[in-house]
Each structure stands twice: as C-alpha cells, then as structure tokens.
C-alpha cells in the first residue's frame with residue numbers, strides 16, 4: 001500500500017524537500033499568484049530590502065494562509081505579526097486599544113532588529129486611519145510597503161465568509177467591514193524602489209560626481225549660477241549644496257497618485273500590467289548623472305517592459321513638446337535648499353528638450369565615470385562610459401511624504417528625520 005509522504009513518516013528527509021513540494025504546489029493555485037511568491041528573481045531582490053507586507057481583507061478571505069505562505073517562502077529574517085495572536089476581533093479598533101498598542105510595540109521592536117528583512121502583518125486593515133499609522137511606522141524605520149489582498153474567489157462574498165471565518169461573525173457583521181476593502185488603496189505615488197545595496201552604490205556614484213564636478217576648472221568658471229549675488233567664491237562643496245537628500249532607499253517615480261485624487265490615478269492603478277507588476281523586481285539602467293542649480297539626479301533608460309508602466313502624459317514641459325516616452329524617468333539624488341524633488345524631472349526634461357533642439361552642450365573633459373558636458377545656465381551632464389544597473393521593486397509609497405523621526409538600524413548617520421522626496 002502506498003501511504004504517500006508525510007513529514008512524520010519521513011523524518012530523515014531534509015526540510016528543503018518539503019519546501020520544494022509546497023512551493024511547487026503553490027504555482028498551481030491561482031490565489032497564490034503573486035510575484036513575491038512565484039518569481040525567484042523577485043524573492044532574491046526582496047531579501048536585499050526591508051519590506052513590510054500589510055495584508056488586508058475580510059475575515060475568512062485567506063489572509064492568514066497567505067501570510068504563512070510568505071513566511072514559509074522567505075524563512076530566515078522574516079517575522080509575522082498577527083492580530084489573532086493578540087485576541088483582536090475584527091471590527092472597530094476602539095474596543096481593542098490596549099491590544100493594538102501591544103501589537104504596535106512588538107511590530108516596532110521587529111522593525112528595529114537588523115536581522116529581520118521581511119515583516120508580515122496579518123489583520124483586516126480596513127480602516128484608512130489604521131493604515132496611515134502603519135505607513136508612518138514604515139517611514140520611521142525605512143521599510144518599503146507592499147499591500148496584499150487575498151485572491152480567493154470568495155474574498156468579498158459575505159455569505160461564504162460567514163461559514164469560513166473563525167470568529168463566527170455574521171454576514172451583517174462582515175458587510176460592515178466590507179466598504180473599506182472593496183476599493184484599492186492608492187499610494188501617494190507608484191515607482192521602482194531600489195534595494196539598499198543599489199541605493200548605496202548609486203548614492204556613492206552621485207557623491208563622487210559632485211566632488212569631481214566641484215573641483216573641475218570648467219565648473220569653477222560658472223560658479224555664479226550656484227552662488228547668490230556677488231559673493232566671491234573660488235570653490236564650492238556641491239555635496240553640501242545638495243543637502244536635501246532622499247533618506248533610506250532611492251526610487252524612480254512612475255505615477256503621482258495623491259492617494260487616488262490625482263488626475264488619471266484610478267485608471268493607472270487599474271491597468272492589468274500594473275497589477276501584474278506590483279511587488280515585482282526589475283533592473284533599471286542608469287545612463288547619465290546630471291546637475292542643475294536646483295537638483296542633481298540620475299537619468300533612467302526604461303526598457304520596453306518598463307515603459308508599459310510609464311504614464312503617457314508626463315514627458316512634456318509644454319503641450320507642443322514631443323519627447324520620447326520615458327524621457328522624464330529619473331532618480332532624485334539631491335535638491336538645493338527650498339527645492340522640491342518634483343523639480344528633478346522638470347530639469348531633466350529641460351536638458352533633453354535642449355538636446356533635441358540640436359544642442360548637446362560643450363564637452364569639457366572626462367571624469368572617472370565618463371564624459372562631462374556643460375549645457376549652460378549651470379546645467380551639467382555626465383554621460384556614463386558604462387551604464388549602471390540597479391535592482392528595484394515596483395510598489396507604492398503610501399506615507400505622507402513629510403519629515404518623521406527615523407530610527408534606522410545604523411548607528412550615527414547625518415539624517416535625523418526622514419523626508420520622502
């Protein structure tokens with residue numbers, strides 16, 4: 001008689017054997033078709049990031065099963081925090097303020113640990129106010145956020161969920177929770193968020209560029225573009241000048257959504273290509289670094305696949321512009337005082353519009369990474385001799401984009417607060 005396999009009857013088999021069995025079975029289940037479970041390149045990339053998976057859904061919809069699959073997939077460096085463990089009944093949070101306080105304290109403690117890269121929060125998360133608290137915590141500890149909702153066929157069917165949920169909630173109880181989960185929760189913006197390693201590599205390249213440019217004789221002749229008034233200056237520290245720098249990991253914005261209020265945000269978020277790409281790993285190509293009196297950034301050359309995620313209406317400074325799609329793709333590396341990060345993309349479009357008009361500027365020499373061009377009006381472009389490739393996860397930024405106290409795992413560091421730009 002074939003008794004089949006069981007962990008109990010085959011104690012001599014290594015754990016990896018059973019992990020492969022479970023992962024191969026997951027590939028056949030439509031409710032587990034997520035890039036972070038199915039795409040090994042994405043799995044490897046996420047292990048280089050700090051990611052908070054926030055599960056959302058009605059009781060009985062399959063959140064806990066999905067949470068366990070995520071933990072099983074990533075294993076080491078992963079922790080799950082479940083509302084069930086704190087005896088929190090799904091519904092209004094007011095009756096469980098002490099329980100949520102303990103949950104948040106434990107979640108924050110995990111965020112502070114250096115050995116944890118993946119955090120999984122299992123709760124209904126149907127209230128905007130609650131989600132905003134979690135997004136602020138993610139900002140504080142510099143975690144990227146991935147919102148995950150079960151794909152089970154019954155996830156919004158209160159009649160079926162009544163039978164499946166462990167809390168014995170009635171169909172009416174479930175219907176009260178449903179409105180907050182029927183609509184997608186849109187971020188402040190979507191984009192590609194670089195891994196920690198890629199962020200550090202690009203940030204370092206940007207800093208070397210600023211140091212070399214600041215010492216270049218051609219730049220010294222044009223200092224008046226960066227120094228106010230008639231203040232005499234023979235040299236300037238561009239690293240200090242662009243002191244308003246993105247904390248944590250760098251990113252390349254695709255669509256500014258303003259939580260769904262921006263024009264075209266809902267339509268953008270409903271695209272099939274976005275839904276399939278959300279939480280997926282990509283490799284971005286950097287072809288140039290640039291400086292203007294207001295910003296410094298990296299130009300991103302998007303592939304055909306990546307261009308599918310690029311909005312069709314963001315590559316123009318004026319209605320008559322006809323720049324190629326993806327022209328504005330960039331990564332902000334720093335801004336001058338009182339300059340917002342949105343200016344970086346506008347500066348890049350100005351440079352590319354000038355190039356299209358036939359003026360690439362004057363080649364003034366070579367730096368360690370490529371040729372330096374002076375474009376006039378304090379604008380400089382370093383065309384890389386060898387393109388840089390950076391790894392990134394496509395997701396959303398859901399926080400407020402305002403300064404919050406940061407508590408990274410590194411000791412020291414210049415940044416005392418986190419401003420997402």
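Glycine is treated like the rest: Cβ placed from N, Cα and C.
Residues or ranges marked as phosphotyrosine by Swiss-Prot on the basis of similarity to another entry: 110. Residues annotated as active site, proton acceptor in Swiss-Prot: 251. For 253, 332, the entry in Swiss-Prot reads substrate binding site. Residues or ranges marked as active site, proton donor in Swiss-Prot: 330. For 418, the entry in Swiss-Prot reads cysteine methyl ester.
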| message | Taking every protein chain in this structure into account, which of the binding-site residues 253, 332 has the most other Cβ atoms within 10 Å of its Cβ? | response | 332
| message | Taking only C-alpha atoms and a 10 A limit, tell me which of 110, 330, 332 are near residue 251 (active site, proton acceptor). These are the recorded positions. | response | 330, 332
| query | Just going by other Cβ atoms within 10 Å, which of the recorded positions 110, 251, 330 has the emptiest spot? | reply | 110
| Euclidean distance between Cα atoms of residue 110 (phosphotyrosine) and residue 253 (substrate binding site), Å | 28
| remark: The rounded CA-CA distance in Å from residue 332 (substrate binding site) to residue 110 (phosphotyrosine) is 30
| task | Work out how many Å separate the residue listed as 'phosphotyrosine' and residue 330 (active site, proton donor) at their Cα atoms, rounded off. | result | 33
| request: Please state whether DSSP places residue 330 (active site, proton donor) in a helix, a strand or coil. | output: strand
| said: With DSSP assignments reduced to helix, strand and coil, which class does residue 110 (phosphotyrosine) get? | reply: helix
